[in-house]
Amino acid sequence: MCTHAARTDIRSIDLRSVTALDTVGAWLLERLARGGATRAALTGADGPYGDLLEEVRGLNRSGSAERRSDNPLLQRLDQLGRGSRRLASDSAAFLHMLGAVSTALLGILRRPPSFRLTSTVYQLGRVGWQAVPIMVLITFLIGAIIAQQGIFHFRRFGAESYVVDMVGILVLREIGVLIVAIMVAGRSGSAYTAEIGAMRMREEIDALSTMGLDPVAVLILPRVLALVVALPILAFLGSLAALYGGGLIAWLYGGMSPAIFIARLHDAVSVTHFEVGIIKAPFMALVIGLVAAVEGLSVKGSAESLGQQTTASVVKSIFLVIVLDGLFAVFFASIGL
Amino acid sequence: MTETPAIHIRDLVVGFGKKIILDHLDLDVSDGEILGLVGASGGGKSVLMRTLVGLLPKRSGQIDFADNSDDERRWGVLFQQGALFSALTAPQNIQFPLRERARLSPGLLDEIANAKLEMVGLTREDGDKFPSELSGGMTKRVALARALALDPSLLFLDEPTSGLDPIAAGEFDTLIRTLHRTLRFTVFMVTHDLNSLQAICDRVAALADGRIAAIGRLSSVLKSDHPWVQAYFHGARAQKLGLGN
């Protein structure tokens with residue numbers, strides 16, 4: 001279509017030989033007709049096309065929809081401002097959830113029969129028991145990889161035997177619990193957010209509230225408690241698997257017999273290393289559970305929103321887990337552990 | 001009808017941000033009646049219902065219930081999509097409010113759930129299904145049975161017949177009427193269904209511009225000269241039902 005060619009010259013458009021016309025075609029013709037100083041006449045269209053042209057004639061009269069293009073710098077600043085406000089409201093929502101869960105927990109301490117044991121045990125099975133194989137496999141591989149890299153690089157200095165120290169301390173203090181926490185955030189945190197979000201969309205949470213029940217006590221507390229119990233256990237099993245993987249590689253690849261590995265491990269690590277690692281697990285579990293609950297409850301009506309909140313839940317909880325790990329590292333360093 | 005209204009609302013204001021949805025609304029729901037609430041889409045019908053059951057905060061005004069045993073929550077709510085707990089089967093959904101309130105033997109719980117299912121016109125075979133396996137009409141019936149689980153004195157229905165075909169909608173209307181006769185509860189019903197209004201509502205309230213524009217028997221609401229009420233009841237679809245003049 002040459003809509004720009006000699007616009008002002010068009011007086012009338014003959015449509016007699018048009019055999020097919022859709023809304024877009026009709027609009028382009030209408031635009032062409034409007035374009036000149038005087039309106040061009042559209043002639044020769046008959047039957048349904050005449051009606052379509054007549055209909056189109058009345059459309060888009062209120063000026064074309066203006067595409068607003070703001071100053072890009074202002075847009076950046078706008079985004080930055082919105083982001084900071086969101087950060088503030090996210091933190092508030094997180095603290096609010098912490099308060100709500102603590103209140104629900106206090107309610108149970110006051111009235112123990114109201115504890116939802118069935119629900120908690122069921123969740124524990126899902127996030128704990130069922131997660132064991134994958135957690136053990138992943139941490140086993142991580143332990144093996146650390147040992148292999150250690151042996152490969154330490155060999156140049158003839159310091160292969162220090163691999164045991166590295167694997168032992170790294171796994172027990174940091175990697176074991178961190179890997180497991182990240183896996184749990186991806187595996188169970190996302191599931192929590194999606195479940196709670198879907199319940200929100202289907203008004204199930206509203207239904208609970210109208211029955212006079214507290215959704216936090218019914219849905220969220222059992223899930224958070226299950227995570228707080230499961231994560232230390234998973235971190236313990238994961239650390240064992242990582243040490244096992246490291247020992248296996250030290251034997252097969254580094255030629256260090258298991259007896260020597262165990263003896264060196266005994267010298268290299270102390271219970272303190274293990275304690276420093278495992279003490280972090282319940283806190284990480286709490287963060288994962290609370291973030292998942294907050295994101296799940298903020299799901300709006302759409303499917304897209306459910307996806308967004310689930311992604312946000314995983315990203316935020318992994319971020320917070322790593323930040324928490326850093327804070328613990330600073331804390332332990334300052335008290336000399 | 002009786003001296004104390006089941007719900008007594010005065011000067012209720014509800015809004016989100018700068019937008020005022022309900023603007024100094026007054027409404028009395030009489031004890032034992034079926035009140036139908038009509039209003040434009042997005043006009044605040046659901047907001048009013050959600051405020052009454054405590055899901056939305058009010059800005060100001062007062063809401064009083066005749067049955068003000070607040071801790072027991074003697075009301076049942078039927079949500080538009082049913083809002084059945086998807087992790088529980090139909091009978092478990094019905095038993096849920098009972099389990100929360102009382103310690104009953106499993107045998108008795110089963111019998112109660114079955115009785116409630118039969119009361120809403122379902123059979124034992126429909127029983128062990130999960131909400132995802134139920135049709136729209138059955139979901140609403142199970143949700144009604146759950147709302148009635150504690151024999152509430154007040155029942156809130158949010159568009160009970162939306163999404164049902166005319167036959168199912170008619171049957172649902174009859175069901176509510178029958179249950180109303182036997183269980184004697186007060187019904188607050190948000191609806192768009194002109195048939196339901198005509199068939200089962202004792203009184204009709206029209207919500208327009210954040211207030212009750214007209215309230216009374218359908219015949220007297222029809223005579224209201226509020227422009228929105230005129231447009232609603234005297235539109236082409238209402239004419240077909242023989243409502244308009």
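Glycine is treated like the rest: Cβ placed from N, Cα and C.
Long-range Cβ contacts of the transmembrane segment (A:92-109) within its own chain (Cβ-Cβ under 8 Å, at least 6 residues beyond either end) map to 115, 214, 216-217, 220-221, 224, 290-291, 293-294, 297-298. Annotation source TrEMBL lists transmembrane segment at A:92-109 (among others).
Residues annotated as transmembrane segment in TrEMBL: A:129-151 (among others).
Taken from TrEMBL, the feature transmembrane segment covers A:163-185 (among others).
The transmembrane segment annotation in TrEMBL covers A:224-253 (among others).
Long-range contacts of the transmembrane segment (A:274-294) within the same chain, counting only residues at least 6 positions beyond its ends with a Cβ under 8 Å from a Cβ of the stretch, are 90, 93-94, 96-98, 101, 172-174, 176-177, 180-181, 184-185, 188-190, 192-193, 196, 216, 220, 223-224, 227-228, 230-232, 234-236, 239, 313, 316-317, 320-321, 324-325, 328, 332, 337. According to TrEMBL, the transmembrane segment annotation covers A:274-294 (among others).
If you look up TrEMBL, you'll see A:314-335 (among others) marked as transmembrane segment. Remote same-chain partners of the transmembrane segment (A:314-335), defined as residues 6 or more beyond its termini with a Cβ less than 8 Å from a stretch Cβ, comprise 90, 174, 177-178, 181-182, 185-186, 189-190, 193, 276, 279-280, 283-284, 287-288, 291-292, 295.
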